[in-house]
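Going by Swiss-Prot, these are the annotated features:
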ACT_SITE  ASP353  active site, charge relay system
ACT_SITE  HIS356  active site, charge relay system
DISULFID  CYS107-CYS152  disulfide bond
DISULFID  CYS127-CYS175  disulfide bond
DISULFID  CYS197-CYS239  disulfide bond
DISULFID  CYS216-CYS303  disulfide bond
DISULFID  CYS224-CYS276  disulfide bond
DISULFID  CYS333-CYS339  disulfide bond
CARBOHYD  ASN13  N-linked glycosylation site
CARBOHYD  ASN48  N-linked glycosylation site
CARBOHYD  ASN131  N-linked glycosylation site
CARBOHYD  ASN382  N-linked glycosylation site
REGION    2-27  region 'Fusion domain-1'
REGION    138-297  region 'N-acetyl-9-O-acetylneuraminic acid binding'
TOPO_DOM  639-642  topological domain 'Cytoplasmic'
TRANSMEM  618-638  transmembrane segment
Amino acid sequence: AEKIKICLQKQVNSSFSLHNGFGGNLYATEEKRMFELVKPKAGASVLNQSTWICFGDSRTDQSNSAFPRSADVSAKTADKFRSLSGGSLMLSMFGPPGKVDYLYQGCGKHKVFYEGVNWSPHAAIDCYRKNWTDIKLNFQKSIYELASQSHCMSLVNALDKTIPLQVTKGVAKNCNNSFLKNPALYTQEVKPLEQICGEENLAFFTLPTQFGTYECKLHLVASCYFIYDSKEVYNKRGCGNYFQVIYDSSGKVVGGLDNRVSPYTGNTGDTPTMQCDMLQLKPGRYSVRSSPRFLLMPERSYCFDMKEKGLVTAVQSIWGKGRKSDYAVDQACLSTPGCMLIQKQKPYIGEADDHHGDQEMRELLSGLDYEARCISQSGWVNETSPFTEEYLLPPKFGRCPLAAKEESIPKIPDGLLIPTSGTDTTVTKPKSRIFGIDDLIIGLLFVAIVEAGIGGYLLGSRKESGGGVTKESAEKGFEKIGNDIQILRSSTNIAIEKLNDRITHDEQAIRDLTLEIENARSEALLGELGIIRALLVGNISIGLQESLWELASEITNRAGDLAVEVSPGCWIIDDNICDQSCQNFIFKFNETAPVPTIPPLDTKIDLQSDPFYWGSSLGLAITTPISLAALVISGIAICRTK
């Protein structure tokens, strides 16, 4: 009788590459990077569609007769805007005659501002000030700053006030023979006797704790006063020095100008200029004292609830050709920590007219229709990869990818996978030994890395017959991994603390530090991914070897008494008893199908960060899926012996 020996043999040729892992190695026909680099999309987006609000003008106003051709946003996004054609936050604050006066108010964790162009040099607003750009700059900056600390904000368009009896509402020729609604101008008649200058003005206004349904913890108030070049300009009638001062309830000066103690400008002009400072005041009763003749009375404010920190995006607001714009919005946002600025690269070219419906702006604002994982000055990202080719400029919020070179991202095996015995050679070298246990990996692997370091490795369990190490020994190995990575992070933190010593209040130094921190985090994450890659390879290798043993067990069961297993994966069979069809039944039942495989691995990576920290990523958590489907094809080598 002729007996033959039949063995399972893993088939590997030159097309396979070897991948070393902790606990086992793999041959694979292909390989791929654990993550691909993502590229941010230019423009604005939001982290959560349910928690944002916008403030705009005709370019976001659905009631505009030319909508949607006049709009720079989609109809869906326009629903989010509080807008009115011709309006702006500053116009509603000051209320110059003949301009749109809109009640801006709303709530949202993320506030987007696309307005401001309606108060620009083209508007030609005078009222004792031919150029309002610096006041607009300070106003917009204050709005962005307070909006970033509040959930809700609202214009308060009527403050309670008490006006002295001797004054009446005044007008000005250079203000369309009217005057601003805020501050209101009150005058005191001193004629016919010019030497009688009238009385000092004393008025009161109250900043409310609530306006309608809006809570007010802090108000933005315009403290306006006249600036005279010399005492003689104001003192033509012998009325002393000019002053206009605001006091709080305790008598403390909070704003204004007092030429009784402060010098005049010394210039040669004979017409005063109005200056307005932006004050942040708590609710309460305030008094205004002014010299005779003129009283500028605060009658409006913007109120903020100051309940939570939030995000602010400011969109450049400029005219098309033929109209003069300013760049106060840009400068205000750039000088406000945490404000993200959206800027055009080309002139504004409208579709509905020269000033409405710009295609570039539509593209920049199209991201407002979506939810992003990360928003930054460099753009927005909604892909799940933790890496991007270029450093994302701050401010940035959400789960922002870190800068990395493509070649530094570890590769994992893919395609046809063949397990081999043994472990990574580096594990056997004492100097580079990372783990205390060689047989480390078992089952489904999920890694959670938190801000303080490794939070824990959570293990799924395989069926008892699957083999492998005990849960207790694996957990000890994972604890060692956690300690080693924690040491890596501690070293990084020590380096960061040293860098902190050279930081004062220099903005560029802070940005440089932020970049160094992100680079350190990127390197640390890449190092951790390298370890995870090795764990994955070992885990798959062990799982596939178990699959081969399961196949061998199935063959033994099918053979019964017809074949004798002489060594793992090898059988002796008598071909006089079991002919070719019999052998095919035993050994080739799975000839064209894959060997049973381990469940797909669902290892995930997700960069967690404080959503309101301008420096971005504060912690790392492994949460973006990498699914690896393993496939093994068995070959049968037949050795004939007499």
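We count from 1, first residue shown onward.
Here the Cβ of each residue, glycine as well, is placed from N, Cα and C on the backbone.
Comparing the Cα of CYS224 (disulfide bond) with the Cα of every entry in CYS127, CYS152, ASP353, these being the recorded positions, the smallest distance points to CYS127. The shortest Cα-Cα distance between CYS127 (disulfide bond) and any of the recorded positions ASN48, CYS107, CYS239, CYS339, ASN382 is the one to CYS239.
Note: CYS276 (disulfide bond) has non-local neighbours PHE94, ILE135, PRO183, ALA222, SER223, CYS224, i.e. same-chain residues 6+ apart with C-beta under 8 A of its own C-beta. When the disulfide-bonded residues CYS152, CYS197 are scored by other C-beta atoms within 10 Å, CYS152 scores highest. On the backbone, the CA of CYS339 (disulfide bond) and the CA of CYS107 (disulfide bond) stand 17 Å apart. If you measure from the Cα atom of HIS356 (active site, charge relay system) to that of CYS239 (disulfide bond), you get 51 Å.
Comparing Cα positions, CYS175 (disulfide bond) lies closest to ASN131 out of the recorded positions ASN48, ASN131, CYS152, CYS303, ASN382. Over all protein chains present, the Cβ of CYS333 (disulfide bond) has 25 other Cβ atoms lying within 10 Å. With respect to their backbone Cα atoms, CYS239 (disulfide bond) and ASN48 (N-linked glycosylation site) stand 59 Å from each other. When the recorded positions ASN48, ASN131, ASP353 are ranked by how far their Cα is from the Cα of CYS216 (disulfide bond), ASN48 comes first.
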